Structure formats: C-alpha cells, structure tokens
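> Sharing a structure below in structure tokens format, with a few things to ask.
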C-alpha cells in the first residue's frame, strides 16, 4: 500500500505541475511608430548584423587559442618548446615546422571562412529598402533601419527586419510570404493585416500613421508573438499572423507596408542562428582513449630509460669524458638530476609516438567521403524532387556503420505525406469502398483474397480518392440522415484556415493549406458539392449544390466570428460562424480523444458506433479526425466573446488564457462523424526495413497516430512485426481506465494508469525472460501508447521499460509527443549505450533527431526543419539502405583501419629509437636525423594511408546490399576492438626489433668502398630506409582492393624518401649543420649490405603479418573474406564496384558528377579458397549449419570443379574490371 500511496502522491504532483498557473511576468517593450525622437530613449539595437568570429585585432589571439584547445596541438607545442632547451637532442626547428604548418593551414582556413562571412554580412547590410523618412519614401541600406521605422517592401524582396504588417496592395489586407529561409517550407504562408490599418498603403496615408506598439521582448520563438497596437484610444491585439519575419520574402503581392519591431541581432531569425549540437562519433572518443594509451606508453618508455640512465652513468667509462665540470645532465655525482633531465630528453626523442598528422589525415578522409561519395551517390538521388543526399557534417561518417537502433517517425518518413480523402463515417454509417495498401498487405499475409473496385474517373483528384455513389452528386439527400450529411459537408467547408487562390472555378482553384490534411478535407467538401471559393477576414463563401434540390446551386456566405486554432496541445480546431438566417454554430474537428471528452452526454446515439469505425479506419492504416458541432445561444456567445477578446489582448500568458477560454465553449458537442485519410507508404519502405533488420538493426516507430494505425503500419506494410512474434501491448484505452475517466477525477485516473503501466511492464518483462529461456529464436515486439509511456519513463519504471525494450526486435510507440520521442531515444542512447539513429521529416522530429547519435532528416512536404537540425539529409526512407549498409559500413571499416595503422606505424618507429638507446647507455642519443624524424609522418608515410582511407573496399557495392549481415561487424565493433589494436601493437614490437637489429648487425660487419667501418648515421639512414619501405608495403596487406592510386601513393612515398635523401645528403646545407648526413646515402648504397637489408628486412618484418592474415583467412575468416571468395569465383561486373555511380546510369538526373577514371582492382588476400564459407551462405538461405574449420575433401573437389570449368571456358571471371574505389 505504501507504494501506491507514493504513486498517488507523485500523480497529484504531476497534475498540480501541469495545471499550476504560470507566474512569470514578461516585461514588454514599447515602440512609437514613425517617431524617431521618442524611440531614441530606449536605445534599441541597430539593424546591422555581424556573423564573423574574428576581427583584425582578435584573429591571431582568438585563432591561436582555438587551435591550442586541441590536446594534440598543445602537446606538440610543449614538445617544440622542450626541444629548444639544452636537454633536447633534437633540433627545435624540426618539431616546430610541422606544428607551424598544421596550425597555419587551420588558421588560413578559418580566415578564409570568416572573410566569406564578412563579405556576406556586408552585402546584406548594404541591401536597399524603402523607408519613410521626413514624410517621403527614401531608399536606405538595411543597416540604417531602426525600430519604429515604417518600411515598404516590394514583391520578391526580403523583409529587412521583423515587421508589424500594416497594409498591402492585395484586397482585404492579405500578403503571401515564403518562409523557406526560416524553416525550409516552400509553400506560401498567408499573413493578414489588422483591418484598422488596411488603408495605410500610399505615402500620404503612411506618413500620417501614429501608433504605439506594446509587445514582448525579443526572443527566439518563431511561431509566437504577443502584442497590442494602440491607435488613439483603440487597443488592437497583434498575433503572429501580423508579424513578417526577417529572412522571409514577399510573394504574389506588389508591396506591403510595415513597422520595424525587432531589428538586427534581436530579430527572431538571428536569435535562432545557433549551431546544431556538436556530436562526436564513438570511434573518435575511443581514439582519444588510444591517444591517452600512447601517452602512457611514452611515459613508461621515458621513465624506464631515465631510471636506467641514472643507473648507467659512471665515470669509469673514461671514454665518455665525464669530468668534474661536465654539465648537470651527465654528472654522475647527482644521479637523480641526471634521471630527471634525461626524462625530458626522452620525451622529445620519443615524441613521434603521437602522430601529428593523424587528425588532419582523418579529417581529409572524412571530407572526401562526404563530398565525393555520399553527396554524389546516384543511388540516393531522388529524381522526382531533384534532391541528392546531403551530409551536413563529416564528423559522423563511421558512426553510420555502427547503428543498432533506428527511431523513425511515420507520417512523411515512412509514408509520402500526400493525403487523400479515402473514407468517412456519418451518423454511424461508413462511406467509401476503397481498399488501402495496409488492407492489401494484411490480406496477402493471411492468404485471403480481397476484391478491389475501380473508382470512376471523376472521383480522382489531388487529395481526393473516394468512391461511394451514396454521397456523390447529391445522392446523400437519399441517405437516412441527410441533415447530418449536410452538417458534415459544411463542417469540412467552413472549419479550416485554408486560403483559395486563382479563378473561382472548381477545376482551377488552388488551396493554400497549412497541412496536406486540411487541403484534403476542403477538397472533399468541394467534391461533395460544397465548394469553398472565397475568404475574407470576416466571412467564407461556399457554393452549395443539391441542398434545396438535386442540381440546384447557391452561394452562401458564412460570417466567421471566431477561429480557435489548432495546436499540438489542443489537438483540435474550432470555428464559430453565423448563417445567413442568423443561426450561430460552432464547428469543431480534432483527434478522437479530445472530441469525445467534449461530447454532450445525451443526443449522441452514434458515439459507440463511431468509435468502432475509428478502430476499423485505424486498422486500415488511415488517419482519422472526428467532426462535431454545437448550436450556440446568442447571449451566451456574447458573454463568452468578451472573455475571448480580453484573453486575445493579454500581454501575459496569452496562449494559456486563450486555451482556457476555448474550453468554456468547446463543450456539449454533438458528434457528426469522422473522416479517414490515407497516407500511402513511400516506395521501397518494406524492403528497406527488412534489409536493415537482416543487418542486425532494430527499428522503432515513434508516431502520433492511433494505436491500431501504428500497429497495422508496422505489421502489414513495414515488415516490422509478423505473426510469429510475441507481442506486448500496453494501451491506456482499456475499459477500467475509461470507467475511471468517466468519473472525472484526474488524480484517480493518474493513479490507475500508473498502477496499470507498472503491472503490465513487470508482467511483460517476466514473460519476455521466460520466452527467451524456453523458446529459442522467438522474436518479441512491444507496443505502447504515449499516455502509458509518460508513466513508463518515470525513474522507477524506466529501468524495467529499458530491459523489456532492448529484448524486443521491434517497438512501436503511438500517440507520442515530440518530447517523448526524444526521451525514448535518450533512454536507449544513455541507458543501453547503443548507437542510435533518428529519422524524421517535420519540426516535431527535431528534438528526437538531435537526441540521437546520428540525426537524419527527410526533405519532405512538412518543410526542412528536420533537415536543418540533422546530420544527414535524404529524400526517401529507402535511401537508408545505401547510407548505412554501403557508406556507413565502408566508412567505419576505413577509419578503423586508418587509426589502427597510425597507431602501428608510430609505435614501431618510436620503438626503434627505444632499442637504440639500449645500445647507447640510455644517453638520449638520437638514432635518426632530425629531419628524417620530422618528415616521417607528414611526407614519407602520409599519402598512402589517406588513399586507403578513401578508396579501400572489402566487397563490391552490390554485395554490400545483397548481404546486409556484413553490417553486424560494425554493430559489434569487430574492427576497432582492443584485441585488434593489441595485434597491431605486437606487430609493431616485432617489426621494430627486426628493423633495428638487422641494420645494426649489418653495420657492425660492413665496410664502405674505402674499407672504413660504417658509423651511426649510416646505420640510422639504412634503418630509416627499411622503416619507410616496410611501413608503406604493410598497407598492401591491409588493403582489400588495389587501384592505381594505391600503387602511386605507396611507391611514390618510397621514391619521395630516396629523392629527399639524395638532395639532403648530396650537398652541404644549413639544415645539417654538423654534416652528419653528408654523402651518407651514397656511401651505404655503395655497399651490398644496404641492398641486402632493404630486401631482407622488410620481408622478415612482414612475415608475421603475412602469416597472421593467412591463418585468419584460413581458419577464422571474417564474413567479408567469404564474400571475396564468391566474387573471385563468380566475378564482379565493373559498374558494381563504383561507389559513386557512373552518370551514364542515370542520364536524366541533374547532378554534376566528376569523371571517374577506371582502375584495375585485385584481391590481395592469401587464401581465397578458404574452406569455411559454406556455412555463411547456408545462413543466408535460412539453413542452420555449424562452422567447419577445415574440410580438405570439399576443398579438393572445389579445385577440381573450378579447373574443369576453366577448361570448358564456362563460369570464367570477366577480364580486369575498372573501379575507382
């Protein structure tokens, strides 16, 4: 009982917080229109803007500060400073030059980008606009505009500031605005001026305008505005409908006149100018950990050598010249000081273990992947909308290859967001004979047939796909409830905010609607004979057919008294109108949950029947709305309207007060019926979801639709759920909860729902655990609605929900709010520690997109808000297949390989220095010349690894799509585990031993052409040559495919070393002040030891890697090894290997693709006839088969069969195929 008392207390607190009055008081600003002198006292900000990060004085200090915030740059700065001290054995210039080069490139890039921002700012601030000054229109630059100025903006021009709309050249004070620069929406918005200001259009009237504006302070809310316009003694409420925002443009209107309210950086668009939250990939965070490990290795090496140096130093080694006046670093009398100073010496000597070029190389690779591969992939180009894929960041490329959970919106994401009026229910009777895609899929699943009837041609129009002769062409007059049918049609024709454009003819008129649903409902009214064709601020005109008798038409004007607009909280829209005969009616349409709460208890005989129809519509995958009306008494209405006007004029909490007033009149409604609108699935969605599921990705659908609609979309059309799944449904629409709700006690309702959710979650988790233990292979699915989810996300139940949901293959959350979408995403991201991806197309998906590791926006019909908040943008949901399975998987594979290779080559290079100091008494003597060490990372080994990071590919693109199971390697992080790095580290240790001791032994025995023994710099140069050759050749073993670019980069880097060595040691130069390297390369090349070493040492060094790769392919192959076997046997067509598809494959598309050069591609694996790939292909066919590590008989038979087929000339692979990657 204590638990439920606690629950009731929490429920009461939740209710109190929800309904508590809002006590925040907003300080308003006062603006005097057309009065510069009065406005000066307020010191409003000017209209000039600046988006630059720097100026002339701050560029260097601020730019350097930004660069040295990076740990790697700060580390190399410290190394450069340390190398300038006497304890350093390295020339400070050799450390400083690479650092200066890297930082200079970054600063130049910053300066260039900031210069472009400055130039854009200057252009915008200099744009001219008509401003009323001294009684005349004068053209002034935007930067001279001030708050209170009266402005005239012409057609197709942008608004220079946030303006209060006064008048326009269009009738009825209307103008059309395009907001694509603001929110990405391309459909025109309607703005209406207050009727009191319509005549302030020409210059004479405009200069007479004197008014006072009292409004809210500047804020970043694009869709709200609260204020009053005071003209004389009249106070007029101002809403967002009268605000024209900076950044928007004027369309289809000759010009408008407005007053500047917010200017410059106080405009709403500038206050929204913030970056998308910065995201870092999981691999990048692991890279930071790897750098810390390298720091630890560096510290251990320096500590060991410094301690040994303090022990080794002794005057008995007379040849070292350790006299009494020797410097402190080599004074045996103070061994502790020797150890400390030598520690700093080794820090500078071993500093290359941290690669200075790592971050730069990775950034170059990622940018190339984005600009040349993702953005130009024809497979992700949508021809109908001319929309290519767009990567808005390059930070998360490899994260795309590790996604385990996808959270998807439904409408506009899985569906097309092209609404069609499909069915309806009026007075308890269903109308409409069509069959939805969901019903067809359900029939196919159940193995039953379904009869489809073709609709007559006249019933097909955009937004309208209805077929039922009982309602068309006036036949509704013969129905049992013709009066209710008439109310239904009038509600559709009157209760909306749609604006008509064009000729007032049914076939030519165009409806400008806020949403496709609105357009579909008004179009349906037109097709039923109630043609809405004209709107004024106070009336709507409808051409009604067949009302008096069949065939007769009449134009009826309905006076619009009030509009109670739709929002996500109210979930309904109401219009109060007056008929020509004086009848006063409130029409209301909205979600069934809110309409049913407001129905009159009596006089609603179709209430239960309509609820059944709603469930039927939902099961068919249709979007539903309920329609209702109420006749109003004139006296009651006038009393209510006074409260409404007061709420509309309030400066504080206006929205809240309007909602409270609306509740007073939106009650005692009479149900008319319901509408059912179809939103068809996008092309390829079921196949895409099925493919992603095979890759180990779990897909959740988070939608605001009804539970039945969401389940059937997931069940029948999207292949998320199937008959074999065990389903857990947690739904608040139960008889027990409805009975409690009918009693009207909000506290008791909250307690009952919370108790129900807790019981269902615990029971479902128990059953899930039992099913997992007793029924192997049984898949689970969870369905939960938003009301239950609100309680399930409480801290006490959150853990249970998390455990249950991660055990499920599919999860569907219906009736969820945008906040709940983000909360569910964060639960998996932070609780389960899994890589998440959210995909959506509307503003309500932004929070979910930003909460996930990766956000993907779909450029659909709901605008571009989701795209602008996303990391990647695509036009269709099905493009996720290529984005993840191709680009994401390859990016993860490539970046993992690049990071591991950097770790290996720098560790190996540093270890050769470490072994050398064992030979030199831990003195800190350098083994290589300073410039050799400095250019090792930035010149001699830089390009090949970049080429591998850009072009390496394990299997063909076709097979990446064909075998989505390959994607599981990224989810399990197979290629960047610590085990993989340990293997690379073992290889580095082994190779460092070979690369040091072989040249040393050669030098000990070797002599030059004059018979003299070879010395330190001969050994160091020989060893460095072997290092460069070995490290570059090692990439051949790491590559899966080799192209011309691989060959050029690898052998070009080796050649670059020899060219540098010839010039550097061929002449005495200031870089080699001591003459250590002079003629060295020519001396050692004159001995047979050198040629022996550069052949034998790399071979011996790479032998262990060769053996490891061969054993891996032979006994424990990766999945991609097996696919490579298939490709070698069957061959691969040329175009299948092109990641950026050839333009000739899609000549009609408008993207400009760079010309791609054909390259010869080869496998470089060792054992292509690996004996254990049969089980892999068996698993693709659903056949269970155990892995076999060795099968010599089958292997031999395969060789014979291939030899025979080769002799017959059949099944021979095609000649060398060309590929860029």
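The backbone N, Cα and C atoms fix where each Cβ goes, and this holds for glycine too.
Predicted automatically and left uncurated, TrEMBL annotations should be read as such.
Note that the coordinates shown come from a computational prediction; the quantities given were computed from them, not determined experimentally.
Quick paste from TrEMBL:
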- 409, 411, 841, 845: Mg(2+) binding site (BINDING)
- 125-188: domain 'P-type ATPase A' (DOMAIN)
- 867-1117: domain 'P-type ATPase C-terminal' (DOMAIN)
- 289-313: transmembrane segment (TRANSMEM)
- 336-360: transmembrane segment (TRANSMEM)
- 898-919: transmembrane segment (TRANSMEM)
- 931-951: transmembrane segment (TRANSMEM)
- 981-1002: transmembrane segment (TRANSMEM)
- 1014-1033: transmembrane segment (TRANSMEM)
- 1045-1065: transmembrane segment (TRANSMEM)
- 1077-1104: transmembrane segment (TRANSMEM)
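Each of these features: where is it, how hidden is it, and who are its neighbours?
Averaged across the domain 'P-type ATPase A' (125-188), pLDDT for the predicted model comes to 86.
With a cut-off of 8 Å between Cβ atoms, the residues of this chain six or more beyond the transmembrane segment (289-313) that come close are 71-72, 322, 330, 332, 335-336, 338-340, 342-343, 346-347, 350-351, 353-354, 899, 903, 906-907, 910, 914, 917, 921-924, 981.
Packing against the transmembrane segment (336-360) from elsewhere in the chain are residues 70, 72, 75-76, 79, 82-83, 85, 87-90, 95, 98-99, 102, 105, 291, 294-295, 297-298, 301-303, 305-307, 309-310, 313, 328-330, 899, 902, 905-907, 909-910, 913-914, 917, 922-924, 926, 933, 936-938, 942: each is 6 or more residues past its ends and has a CB under 8 Å from a CB in it.
Long-range neighbours of the transmembrane segment (981-1002) within the same chain, counting only residues 6 or more positions beyond its ends whose Cβ lies under 8 Å from a Cβ of the stretch, are 290, 900-901, 903-905, 907-909, 911-912, 914-916, 919, 1019, 1022-1023, 1026-1027, 1030, 1089, 1092-1093, 1096-1097, 1100-1102, 1104-1105, 1108.
For the transmembrane segment (1014-1033), the residues of the chain that approach it from at least six positions outside its boundaries are 905, 908-909, 912, 925-929, 932, 936, 940-941, 944, 991, 995-996, 998-1000, 1002-1003, 1006-1008, 1050-1051, 1053-1054, 1057-1058, 1061, 1065, 1076-1077, 1080-1081, 1083-1084, 1087, 1089-1090, 1093-1094, 1097-1098, 1101-1102, judged by C-beta separation under 8 angstroms.
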> Using a Cβ cut-off of under 8 Å, list the residues of the same chain at least 6 residues beyond the transmembrane segment (931-951) that approach it.
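Cβ under 8 Å, 6 or more out: 90, 94-95, 97-98, 101, 352, 355-357, 361-362, 364-365, 368-369, 894-895, 897-898, 901-902, 905-906, 909, 1020-1021, 1024, 1027-1028, 1031-1032, 1035, 1038-1039, 1041, 1043, 1045-1046, 1049-1050, 1052-1053, 1056-1057, 1060, 1064, 1071-1072, 1220-1221.
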> How many helix, strand and coil residues does the domain 'P-type ATPase A' (125-188) contain under DSSP?
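Counts, helix then strand then coil: 11 helix, 30 strand, 23 coil.
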> Measure from the Cβ of residue 411 (Mg(2+) binding site) and count the other Cβ atoms within 10 Å, all protein chains considered.
26
> So how many other Cβ atoms are close to residue 841 (Mg(2+) binding site), meaning within 10 Å of its Cβ?
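Residue 841 (Mg(2+) binding site) is surrounded by 30 other Cβ atoms within 10 Å.
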